[in-house]
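Engineer: So Swiss-Prot says this about it:
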- His208: active site, proton acceptor (ACT_SITE)
- Asn70: N-linked glycosylation site (CARBOHYD)
- Asn198: N-linked glycosylation site (CARBOHYD)
- Asn346: N-linked glycosylation site (CARBOHYD)
- Asn445: N-linked glycosylation site (CARBOHYD)
- 466-493: region 'Disordered' (REGION)
- 1-19: signal peptide (SIGNAL)
Amino acid sequence: MATIPLFFSLILFLRLYHASRLEKRKEVEGEGIVAAEDLVSENDNPQGDDEVLPVHFIDQAAIVRTSIINYTFRYNEVLDAAKLHRGLLQLLKIPGWNKLGGRLRATKNGKLEIHVPRSFSKTRPEVKFSHVDCSDTEIESHGLASQLPRPTGSTPSIQEGCHAFRSFALPTDLPNNIEHYWKNDQPMLSLHITSFANGTLVGLTFPHSLTDAMGTSEFLKAWSNVVAGKSSFVKPLQGTQVDVLGDVGTNLDKKASQGEFFLEDQQTRGFSLLSFIARYMWDVKTRRSIRTKHIYLPAKYMSHLRQGVEEELKRQNGGVVPFVSDGDLITAWGARMVMSSSTWKNCSAVICNVFDLRGRLKGTFARGGTYLQNLILPATTVLSKEEAATATTAQIALGLRKAIVEQTDDVQSRRLMRIARRWFSSMGSMPLFAKWDSRVVACTNWTKAKFLDAADFGPNALIAGGAGNQKSSSTRKAARHTEPTQAQTQPGRPVMYWGTTLSVTDNPRDTFVIYGKDKVGNYWVHAYLREETWSLIQKELDSFR
């Protein structure tokens, strides 16, 4: 939920209450949910001959459609900016991929559409492209670039967050207001490249309604294949005209309608919903000390964290160690830090883990197909007031794993989608399974997206004969002998990236984004936390040194 003026918060408050009452009445009356057609309006096409593509159901949800997303990749070589731009334009010529060159439109009834020019031109380009040339300056000598996050060996650390590096992410004339895309004939996709003497930063910005993290990963793979001269490897783009989830969770989906979702009876409604919203609004209004920072968790620290968790789980489970993933460990560790903060005393908690529907729904997705849309839902772990106050990292991690197992298989995902359709349609938000006094910890894990692999342009993307690239090559060779705890990269492969939302109204709190790990197991996490939580994390990391 975004940070908005108090008046509009009150309007939203009343709207959500009305929507919850309406939803309850519909369920009592037995009203079914029918499959929604992705209709487009010819009357809202300002150019007349544009190809009009639908924006699909989850993409239309308010929590998604109001967000702008950015990913920025750091390379230790000097890449050819013009070649990257040409490769992107070439990708958009492959059937279906021209969707990336569309314009986002809001129709008179508020529905979003993508309008793709039949032919692109200088006045209507495929992509908003910008290039900043700092090729006479090394990254380490640049005032801002020298502060970019970097590994600190086997020692965990807290470093500057994404928003400090906005100038490397997108051009200065690109507003962080989603209405900019709706009202102007501007491409959805912005490519912003900053070239240094010994490195390159590549920023991609677009409305979140275009796609999610896994879709972005597929886009990056396609783009890098084109740049590498492997256009034949580009997978076909699916679902441009028809929502792959069109029938999922509707009355046409028997798996969804013939039983309840695991947490169905724990949906937040009525007085509990009113109370929850009021508490959240008050927290947003009175506690504004949210700071965005990166957390570097080296493989050595992850091993330490896992050892402690598994020893506790072994004692509690008769010598058997239940499986918990690295994502479970990091999310549980972060949630424990948040719930130990003073503002979290004496309240229950829910932990929302965003999961990807690709591969979970049987018989829904085309084999080998690529989908540029949002295919995400939340898996929810509910903690009572007592559990929130006393649960250990190990207990939370096991609870997270249990929630994922129970809530994300084919049938349960479809039933959650049925509930999500009601919540998206009436309130524009993800389904909420919380108590009146609950606080929410949110986490999204991008490890499976493998962004560092997806954005690997290879040596073909480097400027031929560049002095900076020759120096980078020498640096890599030396690093092999001096930095065994750091992953060594191949030319044209990013060494790090960051991702964040940019909307002017967006102000997440108690939120973690797990970027993933490098080849030797070091993790990067981006978080939006209160000052007191950051202090607790710093103390925790200091105790490991």
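Using N, Cα and C of the backbone, Cβ positions are placed for all residues, glycine too.
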Engineer: For the C-alpha pair, I'd like the distance in angstrom between Asn198 (N-linked glycosylation site) and His208 (active site, proton acceptor), rounded off.
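Structural biologist: Roughly 32 Å, rounded to the nearest whole number.
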Engineer: Under 8 Å Cβ-Cβ from His208 (active site, proton acceptor), six or more apart in the same chain: what's there?
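Structural biologist: Long-range Cβ contacts: Val64, Arg65, Ser67, Ile68, Ile69, Asn374, Thr501.
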Engineer: Validating a neighbour-count step here. Other CB atoms within 10 A of the CB of Asn198 (N-linked glycosylation site): how many?
Structural biologist: 21
Engineer: Work out the three-state DSSP category of Asn445 (N-linked glycosylation site).
Structural biologist: strand
Engineer: So for Asn445 (N-linked glycosylation site), how many other CB atoms are inside 10 Å of its CB?
Structural biologist: 23
Engineer: Return the count of C-beta atoms lying within 10 angstroms of the C-beta of Asn70 (N-linked glycosylation site), excluding that atom itself.
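Structural biologist: There are 23 of them.
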Engineer: Starting from the Cβ of Asn346 (N-linked glycosylation site), draw a 10 Å sphere and report how many other Cβ atoms land inside it.
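Structural biologist: Cβ-Cβ neighbours of Asn346 (N-linked glycosylation site) within 10 Å number 8.
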